Amino acid sequence: MKNKLPPFIEIYRALIATPSISATEEALDQSNADLITLLADWFKDLGFNVEVQPVPGTRNKFNMLASTGQGAGGLLLAGHTDTVPFDDGRWTRDPFTLTEHDGKLYGLGTADMKGFFAFILDALRDVDVTKLKKPLYILATADEETSMAGARYFAETTALRPDCAIIGEPTSLQPVRAHKGHISNAIRIQGQSGHSSDPARGVNAIELMHDAIGHILQLRDNLKERYHYEAFTVPYPTLNLGHIHGGDASNRICAWCELHMDIRPLPGMTLNELNGLLNDALAPVSERWPGRLTVDELHPPIPGYECPPNHQLVEVVEKLLGAKTEVVNYCTEAPFIQTLCPTLVLGPGSINQAHQPDEYLETRFIKPTRELITQVIHHFCWH
């Protein structure tokens, strides 16, 4: 029953107080099971049907889908339940205690983005879900901050095809319809060690990597020349050499060298296309030194994303907000949800607060966010 639902600020407080950190390091990684249970119980109290989905390949992580209404289409509101780890020495407040001060709500996940579920639940107090003409879905995912495993698995397995979706990442309530993707690779070269007094008796991995880097930088230039999307601040795919290590002593021929790099592709560029371009760029080195160069993914790749600018979702949201949709450089789960239906990224709080100590959400977002959620539910589920 709706009268069992706690007040907005108490929902927010409970979400922040329930740790759900995602990390690649096992010692820091946490299950989101307790948070999913909280959300599931609240949505059941509102009359939703709730399904909890274990996410394979994770450390006890779950998705939750709450649904109400019948028929095809409808609206999907989505967000992730996890947060990044926190640096205790840089926080001046308890990350797991919601603190209100000077027009701000402080806590880990206030902006990015557990707080979004408090807004949804609060808005639903005034919605008679028994009168919806189209279904309403609420999706809570796992592991967005690391592998995006929750959104990937949900998109791969669901038969759901809503009319549209909104992901409540912190965009300062400015609608986002496109972003770049992210691919990170390790280029590894196996040389042959030996004494530096006789270089010809070994294979210097640093020298081979020097050759490989030349070809990678040529690929960077080619990407800049061939691909353009003028709406982006940086209107071409970027390629960055981020980390390199090789060798262990000045008097030894280097037997191993490793380079970490990333590419941020534009919407419309496929992951297979990018992998092909990278492998083609490195082919001269691989052919000259068979078996010595490998390319491995550091993280699961994220494709670029774009919602059609003429879709009804874009038109409706732009009219409601009085603001045009934007494109951004950071990544979200939108590429995976977009495989199900046209998707926008739109939520309270600033992306500048994401992953920061003393993360906060400004209270000025509370009223307009609640109103926006109510309006989009009315438009897409009642009309």
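The count begins at 1 with the first shown residue.
Glycine is treated like the rest: Cβ placed from N, Cα and C.
Here is what Swiss-Prot records for this protein:
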type     : residues               : note
ACT_SITE : Asp82                  : active site
ACT_SITE : Glu144                 : active site
BINDING  : His80, Asp112, Glu169  : Zn(2+) 1 binding site
BINDING  : Asp112, Glu145, His355 : Zn(2+) 2 binding site
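When the CA atoms are compared, the binding-site residues lying within 10 A of Asp82 (active site) are Asp112, Glu145, out of the candidates Asp112, Glu145, Glu169, His355. Sorting the binding-site residues His80, His355 by the number of other Cβ atoms within 10 Å puts His80 first. Each of the recorded positions Asp82, Asp112, Glu144, Glu145, Glu169 was scored by how many other Cβ atoms lie within 10 Å of its Cβ, and the smallest score goes to Glu145. Annotation note: His80 (Zn(2+) 1 binding site) sits in a strand segment as assigned by DSSP. Other residues of the same chain near the Zn(2+) 1 site, with their Cβ within 8 Å of the Cβ centroid of His80, Asp112, Glu169, are Gly79, Met113, Phe116, Glu144, Glu145, Ile167, Gly168, Pro170, Thr332, Gly347, Ala354. Comparing C-alpha positions, Asp112 (Zn(2+) 1 binding site) sits nearest to His355 among the recorded positions Glu144, Glu145, His355. In the three-state DSSP classification, Glu169 (Zn(2+) 1 binding site) falls within coil. Closest to Glu144 (active site) by Cα-Cα distance, out of the binding-site residues His80, Glu169, His355, is His80. The two recorded residues Glu145 (Zn(2+) 2 binding site) and His80 (Zn(2+) 1 binding site) have their Cα atoms spaced 9 Å from each other.
His355 (Zn(2+) 2 binding site) sits 13 Å from Glu169 (Zn(2+) 1 binding site), taking the C-alpha atoms as the reference points. Same-chain residues that are not part of Asp112, Glu145, His355 yet have a Cβ within 8 Å of the Cβ center of the Zn(2+) 2 site turn out to be Thr83, Val84, Met113, Ala354. For the recorded site, Glu145 (Zn(2+) 2 binding site), the DSSP three-state label reads coil.
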